[in-house]
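According to TrEMBL, the domain 'Immunoglobulin' annotation covers 10-94, 105-196.
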Amino acid sequence: ISNKPSLSAWPSHIVPQGQNVTFTCDTHSEFNIVKLYKEHGDPITQVYKKIFRKNLLLGPVTPAFGGTYRCYSYKHQYPNDFSSHSDPLKIIISGIYRKPFLLALPTPLVKLKEKVTLQCHSEIMFDTFILMLHRMGISKDSFQLSAETHIGGSRANFPIGPVTPDHAGTYTCYGSYKQTPYEWSESSDPVDIKITGLYKKPSLSALMGPVVTSEENMTLSCISDVQFDMFHLSMKGVPQGHGLPAEQNHSGTFKANFFPVPLIQAETYRCYGSFRNSSHVWSSPSDPLYLSVT
């Protein structure tokens, strides 16, 4: 008997209703005929009795496709000599219900070793919420909590931390019900959690002085002697836009000018530096720059 095959789903094991999914049963051996079967959930005709070589495209998926799958393989000439069975793979069908909302409290910029709460809430009375962490487009971790009911719907608070750079990334959440664990809501809009405080702080200044007449546009300059790839601006702890590439000054320092920064009322700004290969991990914040409007 060969070593057991490994079963994976592309692009993800969470498949939006109506989309396709490709199962890959990697046999690592000369066992060349593959069979896929469903361990839990309703059997589906597209899988039942289907013989394939390595990849099997299924879809458009309906809720009936949700369930736990395994695969095994055998040689064409010895149909009774099977490989071991793969580890189970859960296939979730998403998009069954309207999306919930995800918030980072108090802010999505979290200082190293501090804590943040990710709150998933919906006007639908779900009884389970699932939080997913994605990095570089790959789902890394998932956390599940029972929902609490509150006025106007249901919610769950996911406490994260004390944070390390491993907590940085893009989070989404889903709602579900205990009696149909393979059927999830649409994904919430993503929330990007940035971990700050890993490198020396840059400095932030206003190129026209700190007092501006109302609705005038402002240029803010973020400067560092560290060779950051990107600079980012935050207002009241919330990142503004996507950040700007750093440019080298004649003096050997690195900077980015944020323009235009519209000013309607007095605000506090800070800036951060980051590196290309870890875009969710930022420097310590610059000292706060308080801009007042005349």
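Heads up, residue numbers simply count up from 1 along the chain you see.
Glycine is treated like the rest: Cβ placed from N, Cα and C.
Here the domain 'Immunoglobulin' (105-196) returns a mean pLDDT of 94 for the predicted model.
With helix defined as DSSP H, G or I and strand as E or B, the domain 'Immunoglobulin' (10-94) counts 3 helix, 44 strand, 38 coil. Assigned with DSSP, the residues of the domain 'Immunoglobulin' (105-196) fall into helix, strand and coil as follows: 3 helix, 59 strand, 30 coil.
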